[in-house]
Amino acid sequence: KQMDSFGIKPDNYTLTILMNCLCRLSHLHFGFSILGKMFKLGLQPTTVTFNTLINGLCIGDQLLQAVILSDQMVETGCKPDVFTYNTILNGLCKIGKTDVALKLLQKMKDRGLEPNVVTYNAIIDSLCKDKLITDAFNLFDCVTYSSLIQGVCNLEQWKEVTRLWNEMMAMNIIPNVVTFSILVDALCKEGLVSDAEGVVDTTIQRGLIPNTVTYNTLIGGLYLVGRDVAAKELFKEMSASGQPVDVMTYLTMLDGLCNHGNLDEALELFQVMKDNGLIPNIVCYNIIIDCMCKSERIEDAREMFSSLPVKRLHYTVFTYNIMINGMCKEGLLNEAYGFSILGKMFKLGLQTDSVTFNTLINGLYIGGQHLQAVRLSHQMVERGCKPDVFTYNTIVNGLCKIGKTDVAINLLRKMEGRGVEPDKVTYNAIIDSLCKHKLITDAFNLFSQMKNKGILPNCFTYSSLIQGVNIEQWKEATRLWNEMLAMNVTPDLVTFTILVDALCKQGLVSDAGGFVDMMIQLGEQPNIITYSTLMDAYCLRGKMDEANKVFDLMSSKGILPDVRSYNILINGYCKCRRVDEAMRLSDEMTQRGLIPDTVTYTTLIGGLYLAGRDVAAKELFKEMSYITMLNGLCNHGNLDEALELFQAMKDNGLIPNIVCCNIIIDCMCKSGRIEDAREMFFSLPAKRLHSTFTYNIMINGMCKEGLLNEAYGLFRKMEDHGCLPDSCSYNTIIKGFFRNNDASIAMQLVKEMVKKGFSTEASIAVMILNLFC
């Protein structure tokens, strides 16, 4: 009353203290009137508030009302805790209602609460008083084994866990839900999900039904080991069996779906959760917002982020960190940094952590705002947030990228003085920068310091050093390679490619070829850069047959040649004065849908002049100019200007080739002018200008316009015109049918393409999984 007279409004904590005093003085009705006042003031009672009243009811022997109140507290959004149940259980045991206490114990476990020693002591004591000694011993044994299993799980002694579990089974000690939930949780965390499934199957056979917590744990474990389909099936099984699905179940499912990039599916489940009357908590929203940011749906993320206050959900530092990271990655740095999200955090009094600052500092460096990044690191310290190794690594990496390696080295020394130990990432960034600036001696000195500190070099460290010395000090590069293998550091694609490049530049092309063979034997597949480097070396030495073998090997490994690969071969043929073969490769490029670039044309023009074919060289120069212009205009969506140029090309007596036509048809499709695209496409056969790539453009355009039947008809006519469907043709038409919800034709086409040796894209694999889940 004095507080009211002074205009001080009591809060939840104050009223709960008053309620506790009244209950202890046996004024229970006054205690309930305080609860009514809390609701009137708009205050949300907590679990402690309800526990106070339940304790008062139990003291007054009003146990039925205590049980009813424990159910009512759930309806208000408060979850009963172990203290709630212990209070009621103790009251029931005191009046000899042990059977009711045991039922309540089961209910407690079903709700995912782990009974403690107080719980079991009360029930074991009551069983003994009721002369139910066998039941008391059984419960005692179960509790003992549960405690042992929990302890051994914490120590990660899995063999001992299995022994205890088997011993428990052999002695016919029936485990309770808590016991096997502990075991399932521990096994899942270790990735031993199959063993966890075995435990669940065994307990079901013994008549024990898994509870919500067990299901949640197992679903999370299945997602952890990448068994998405099994996780979804278990979720369906859980719902069908009548097992309560709670917020934690949905949270586990949402986390699993989002971690595997299935945002749309996660959003559908999120809606189902709300439709079923469950209120998502801030963690659920954090998961969805994070997935939206990672899926580059930043506008959707912003919309959901802004809606949180309306839903009476409080932002956490983690929520803000997600949004800041998402905006930085999308290049919306000013919005994330400039008095927007960061400013809101400061206004709300939220304590920004190192993750907040690290994310922003990294974003500033990526955006080239180096000075602002340094200023923010100082502001971080001013706000009492200590920079960690990630902060320093971000700054060191940023400094190295702008050539400030000396400043980065000074910062490395300061780190040690400030109690932050540099790690592998710190040293690697500086060593790599020193190597790129040809400061090899300094790089090796730092490399020695790194090893002396007990920080083991990794593949990146050795690759940087090998690249730094690869030409000038070839013996040193060989020594590093041997040291790397001796240290059991497995070379990766980058290391091999660096070595292949170095050997080629040394003229040791046969040795370079040997390294490529070694890569394949070690299970490291060369990429297009590796193959192109080797091809270039053979071409420079006029060994065109060897270069072609590498080109064919690359294609056989499923690596499609790009413009650079063709340019290397074209250049080799032109230098050998085999210009007709160079021109044949140019035509092959265009048939595959690759647009020749300036290098292609200048090489061919030079080759034609070298062969004394001046007129052909001049014609090719004109064609090059037109194609370059058409491609530029269409890439910027200027279709009408491109069409004017296309007409001018014909007016000047130049016959457009397949490259020109593909550029125009593609731009028409992208501009939604499908009729114009169709008209140009069907005018091509008379000119023998069709290619598989042309068909793919047209099929894709028709699919996007919803013209599935026409697209399918065109797909089936490809072979009649001498154009075999490729992987892209199949993937395009299959996606079209899936998006049109025509799964039967899509699946037929999938079987057909697999028979022909083509692979489905990842997006189609997801569509197929969704079909069966």
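Yeah, the Cβs are placed from backbone N, Cα and C, and that goes for glycine too.
Sequence annotations record features per position, and here TrEMBL assigns repeat 'PPR' to 81-115 (among others).
Taken from TrEMBL, the feature repeat 'PPR' applies to 176-210 (among others).
Residues or ranges marked as repeat 'PPR' in TrEMBL: 281-315 (among others). Outside the repeat 'PPR' (281-315), and at least 6 residues removed from its termini, the chain residues within Cβ reach (under 8 Å) are 247, 250-251, 254-255, 258, 261, 263, 266-267, 270, 273, 322-323, 325-327, 329-330, 332, 348, 350.
Annotation source TrEMBL lists repeat 'PPR' at 316-352 (among others).
Packing against the repeat 'PPR' (353-387) from elsewhere in the chain are residues 317, 320-321, 324-325, 327-329, 331, 333, 336-337, 342, 345, 394-395, 397-399, 401-402, 418, 420: each is 6 or more residues past its ends and has a CB under 8 Å from a CB in it. According to TrEMBL, the feature repeat 'PPR' maps to 353-387 (among others).
According to TrEMBL, the repeat 'PPR' annotation covers 388-422 (among others). Across the repeat 'PPR' (388-422), the DSSP tally of helix, strand and coil residues reads 26 helix, 0 strand, 9 coil.
According to TrEMBL, the feature repeat 'PPR' maps to 423-457 (among others). Taking Cβ pairs closer than 8 Å, the repeat 'PPR' (423-457) reaches residues 389, 392-393, 396-397, 400-401, 403, 405, 408-409, 412, 415, 464-465, 467-469, 472-473, 487, 489 in its own chain, all 6 or more past its ends.
According to DSSP, the secondary structure content of the repeat 'PPR' (527-561) in residues is 26 helix, 0 strand, 9 coil. Annotated repeat 'PPR' per TrEMBL: 527-561 (among others), in sequence order.
What TrEMBL records for 562-596 (among others) is repeat 'PPR'. Helix, strand and coil content of the repeat 'PPR' (562-596), in residues and according to DSSP, is 26 helix, 0 strand, 9 coil.
The helix, strand and coil residue counts that DSSP assigns across the repeat 'PPR' (622-656) are 27 helix, 0 strand, 8 coil. Per TrEMBL, repeat 'PPR' is recorded for 622-656 (among others).
According to TrEMBL, the repeat 'PPR' annotation covers 657-687 (among others). If you average pLDDT over the repeat 'PPR' (657-687) in this model, you get 83.
For 691-725 (among others), the entry in TrEMBL reads repeat 'PPR'. Non-local neighbours of the repeat 'PPR' (691-725) in the same chain are 590-593, 658, 661-662, 665-666, 668-670, 672, 674, 677-678, 681, 684-685, 732-733, 735-737, 739-740, 742, 745; each lies 6+ residues outside the stretch with a CB under 8 Å from one of its CB atoms.
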For the repeat 'PPR' (423-457), what does DSSP give as the number of helix, strand and coil residues? 26 helix, 0 strand, 9 coil
If one takes Cβ-Cβ under 8 Å and requires six or more residues beyond its ends, the residues near the repeat 'PPR' (562-596) are 528, 531-532, 535-536, 538-540, 542, 544, 547-548, 551, 554, 603-604, 606-608, 610-611, 613, 624, 627, 631, 657-659, 662-663, 691-693, 696-697
Of the residues in the repeat 'PPR' (353-387), how many are helix, strand and coil by DSSP? 26 helix, 0 strand, 9 coil
